[in-house]
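**Q** Quick one: this structure, given as structure tokens, is what I'll be asking you about.
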Amino acid sequence: MVVSSAPGKVYLFGEHAVVYGEPAVPCAIERRATVEVEERDDDALRVHAADLTLDGYTVEYDSNSDAHPDVDVAPSLIEAGVGYLNGAAEQARDAADRPNAGFEITVESSIPLGAGLGSSAAVVVAGIDAATRELGVDLTAREVAQRAYEVEYEVQDGQASRADTFCSAVGGAVRVEGDDCRAITEVPNLPFVIGYDGGEGDTGELVAGVRSLREEYEFAATTVETIGDIVREGEQAIREGDIEELGRLMDFNHGLLEALGVSSRSLDEMVWAARESNAYGAKLTGAGGGGCIVALDDTEEAETALKYTPGCEQTFRAELDTEGVRVEEA
Ligand SMILES: Nc1ncnc2c1ncn2[C@@H]1O[C@H](COP(=O)(O)OP(=O)(O)O)[C@@H](O)[C@H]1O
Ligand SMILES: C[C@@](O)(CCOP(=O)(O)O)CC(=O)O
Ligand SMILES: [Mg+2]
């Protein structure tokens, strides 16, 4: 049995635009998905994922049985829900050249699902790491990132960047532009505050929405390129440790994401609550549609303001996690 964990992330800048080759800067945070994998003596895949609920039912998935006794929803929905873990199992079989390996997989996570904090990437990165090790193969973090990207790409219908999976695999703040993925070594202290509306967005759908806007309107394509300009400007601010400038650029980035149609009333309300409490800046993080915003604030004020914001269900601080995927137990 092997247990691996991998962190979630916030986007300082650049989500969505990164799908079209612009740079982005995601930062790993100290909230992890932990995946336990044990090889089975048959070729089945059984998933225990207490956090993954469909219509209020906890998902227990068994690839060998047609009936899903614990769940009263369509099997196709369940299979979509476990797509990331199926993909992780496939990658491990491929890496170990064991096409018929079966796994018992248990997931525990402190990353809210579908909320823009990269739960999918963390689950798939930790899942690939644990499952390959269980089959006796040790991959480097970069190799895990590559395989995790392939899974996200497939589950998100061919629309994914390497940003989430690379960040989760290597940890810290990273810069991703197309296939070029690198760690950012000099990072100022980033006082992240998260606001969570309790909801979620469908990453595949939101990415598809931006894609069609971009195809339809020249100015939407320009908006995507402008997000890339913000990221390049932001990298300069990171190098200079200029938190005020980082905040201003986050505000600008949020405005453009809003224009691309991926914000929501509750995300905007949380962004405004953080801004009015004198945070350096605030923006949605991840795919949007619902879920989380990230603000930069080194006082208690943004957290307090978010607590009293209708639509904000939870608020917490997030520390940069300099560690990526790691083995917890082997
Ligand atoms: N704890 C978990 N257990 C099982 N699957 C999970 C878990 N967390 C996330 N996932 C998978 O990731 C999906 C959410 O990913 P996504 O929509 O990309 O949002 P995000 O990555 O922002 O959290 C879930 O629908 C599920 O398939
Ligand atoms: C919108 C996007 O840029 C980030 C999605 O992040 P999340 O899955 O919502 O945490 C998509 C991608 O990069 O694959
Ligand atoms: Mg995701």
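Glycine is treated like the rest: Cβ placed from N, Cα and C.
If you look up TrEMBL, you'll see ASP164 marked as active site, proton acceptor. Residues or ranges marked as ATP binding site by TrEMBL: PRO112, LEU113, GLY114, ALA115, GLY116, LEU117, GLY118, SER119, SER120, ALA121, ALA122. What TrEMBL records for 2-37 is domain 'Galactokinase N-terminal'. Sequence annotations record features per position, and here TrEMBL assigns domain 'GHMP kinase N-terminal' to 84-172. Residues annotated as domain 'GHMP kinase C-terminal' in TrEMBL: 236-306.
So that I understand the layout, could you describe where these features sit and how close they are to other parts?
**A** Secondary structure at ASP164 (active site, proton acceptor), taken from DSSP and collapsed to helix, strand or coil, is helix. Sequence-distant neighbours of ASP164 (active site, proton acceptor) (same chain, six or more apart, CB under 8 Å from its CB) are LYS9, PRO26, GLY118, SER120, ALA121, GLU152, listed in sequence order.
Secondary structure at GLY118 (ATP binding site), as computed by DSSP, is coil.
Looking at the domain 'Galactokinase N-terminal' (2-37) alone, the prediction's average pLDDT is 98.
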**Q** List, in sequence order, the residues of the same chain other than PRO112, LEU113, GLY114, ALA115, GLY116, LEU117, GLY118, SER119, SER120, ALA121, ALA122 whose Cβ lies within 8 Å of the centroid of the Cβ atoms of the recorded ATP site.
**A** GLY8, ILE111, GLY286, GLY291
**Q** Using a 6 Å cut-off on Cβ distance, which of the recorded positions PRO112, GLY114, ALA122, ASP164 come close to any atom of ligand 2?
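**A** ASP164, in sequence order.
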**Q** Far apart in sequence but close in space: which same-chain residues, 6 or more away, have a Cβ under 8 Å from GLY116 (ATP binding site)?
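**A** In sequence order, VAL10, TYR11, GLU15, GLY201, LEU284, THR285, GLY286, ALA287, GLY288, GLY291, CYS292 meet the Cβ cut-off.
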**Q** Same chain, outside the domain 'Galactokinase N-terminal' (2-37) by at least 6, Cβ under 8 Å from its Cβ: which residues?
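**A** Residues 88, 92, 103-111, 116-119, 121-123, 125-127, 129-131, 133-134, 159-161, 163-164, 167-178, 184, 187, 190, 192, 194, 206-207, 210-211, 214, 224-225, 227-228, 230-232, 234-235, 238, 246, 249-250, 253, 257, 260, 262, 283, 285-288, 292, 294, 318-330 contact the domain 'Galactokinase N-terminal' (2-37) from elsewhere in the chain.
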**Q** Near ligand 1, meaning Cβ under 6 Å from any of its atoms: which of the binding-site residues PRO112, GLY114, GLY116 fit that description?
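**A** If the test is a Cβ under 6 Å from any atom of ligand 1, the answer is GLY114, GLY116.
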**Q** So how many of the residues in the domain 'GHMP kinase C-terminal' (236-306) end up helix, strand or coil by DSSP?
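**A** Summed over the domain 'GHMP kinase C-terminal' (236-306), the classes give 40 helix, 9 strand, 22 coil.
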**Q** Taking the Cβ of GLY114 (ATP binding site) as the centre, count every other Cβ atom within 10 Å, in any protein chain shown.
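**A** By my count, 17.
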